[in-house]
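Heads up: the structure comes next, in structure tokens.
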Amino acid sequence: MEGKEEDVNVGANKFPERQPIGTAAQTESKDYKEPPPAPFFEPGELKSWSFYRAGIAEFIATFLFLYVTVLTVMGVKRAPNMCASVGIQGIAWAFGGMIFALVYCTAGISGGHINPAVTFGLFLARKLSLTRALFYIVMQCLGAICGAGVVKGFQPGLYQTNGGGANVVAHGYTKGSGLGAEIVGTFVLVYTVFSATDAKRSARDSHVPILAPLPIGFAVFLVHLATIPITGTGINPARSLGAAIIYNKDHAWDDHWIFWVGPFIGAALAALYHQIVIRAIPFKSKT
């Protein structure tokens with residue numbers, strides 16, 4: 001097809017590429033048309049170079065995300081006092097800023113998920129196939145492990161003594177509080193992703209798709225400000241897994257299930273809310 005990159009055409013399957021972030025579903029007259037749902041399982045994707053390129057993009061993005069953010073956490077932990085470091089606000093900015101930058105960089109390649117919870121939510125909304133969702137999640141987790149591993153390689157002593165950036169439920173909070181914080185925090189993030197990338201909004205003349213990463217990164221920043229004191233803020237199972245594996249202390253694993261169950265529940269609720277309540281897709285008449 002003219003105008004497409006050559007590597008996308010190599011082994012491409014009969015279904016068009018679906019990039020949930022930063023793409024617009026529109027006609028020449030800007031009339032809105034509901035995009036078709038992704039197939040549940042599409043083995044044909046395994047023959048497409050663009051499929052593997054997207055997975056590599058998710059790996060590199062999550063690697064860079066963990067590298068920068070865990071280094072920031074280590075810098076705050078090693079400081080003699082909060083005034084000598086960027087503090088909680090700086091950590092929140094590092095997480096939110098990296099998501100903004102990385103989503104901007106990878107949106108046109110993989111959709112810029114960088115988070116298994118985001119991938120799961122978009123899968124439930126039929127924005128991508130199970131094949132692609134599982135591949136993304138594996139690559140995200142591998143990237144997170146490598147990113148945290150590089151940080152430990154640079155400063156192994158400080159990494160181990162300062163917690164390795166691992167997520168744990170803070171003293172004074174119950175497991176239920178930690179789980180609730182992760183559910184609500186992930187709901188905020190995934191709901192923002194759906195709203196910022198909504199195909200109907202993208203069809204409007206006034207919408208600027210390139211700005212989609214901005215509210216997503218800002219949502220990550222705000223959630224971190226709210227929940228760092230409770231759980232250190234997970235809302236990203238790959239981020240939590242990478243830090244836990246490299247740090248590998250018992251207390252990092254005690255509550256680890258919270259940082260998978262909470263984000264997946266939050267993502268599922270956000271997907272259901274956006275698709276059923278906000279967009280009312282199941283209730284729309286078929287034409």
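Glycine residues also receive a Cβ, built from the backbone N, Cα and C atoms like all the rest.
What Swiss-Prot says about this one:
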- M1: N-acetylmethionine (MOD_RES)
- S285: phosphoserine (MOD_RES)
- 1-34: region 'Disordered' (REGION)
- 1-55: topological domain 'Cytoplasmic' (TOPO_DOM)
- 77-92: topological domain 'Extracellular' (TOPO_DOM)
- 114-133: topological domain 'Cytoplasmic' (TOPO_DOM)
- 155-175: topological domain 'Extracellular' (TOPO_DOM)
- 197-209: topological domain 'Cytoplasmic' (TOPO_DOM)
- 231-257: topological domain 'Extracellular' (TOPO_DOM)
- 279-287: topological domain 'Cytoplasmic' (TOPO_DOM)
- 56-76: transmembrane segment (TRANSMEM)
- 93-113: transmembrane segment (TRANSMEM)
- 134-154: transmembrane segment (TRANSMEM)
- 176-196: transmembrane segment (TRANSMEM)
- 210-230: transmembrane segment (TRANSMEM)
- 258-278: transmembrane segment (TRANSMEM)
Listed stretch, out of 56-76, 176-196, 210-230, 258-278, that has the most CB pairs under 8 angstroms to the transmembrane segment (93-113): 210-230
Counts by DSSP class (helix H/G/I, strand E/B, coil) across the topological domain 'Extracellular' (77-92): 11 helix, 0 strand, 5 coil
DSSP-derived helix, strand and coil totals, residue by residue, for the topological domain 'Cytoplasmic' (114-133): 13 helix, 0 strand, 7 coil
Stretch in 56-76, 134-154, 176-196, 258-278 most in contact with the transmembrane segment (210-230), if contact is a CB pair under 8 A: 176-196
Top partner of the transmembrane segment (134-154) among 56-76, 176-196, 258-278 - counted as Cβ pairs under 8 Å: 56-76
Cβ-Cβ under 8 Å with the topological domain 'Extracellular' (231-257): same-chain residues at least 6 beyond its ends: 62, 65-66, 69-70, 95, 114-117, 137, 140-141, 143-149, 151-152, 159-160, 163-170, 173, 175, 178, 181-182, 185-186, 189, 220, 223-224, 263-264, 266
Distant-in-sequence neighbours of the transmembrane segment (176-196), which means Cβ under 8 A and at least six residues beyond its ends: 20-21, 115, 117-118, 121-122, 125, 169, 211-216, 219-220, 222-223, 226-227, 230-231, 233-235, 255, 258-259, 261-267, 269-271, 273-275, 278
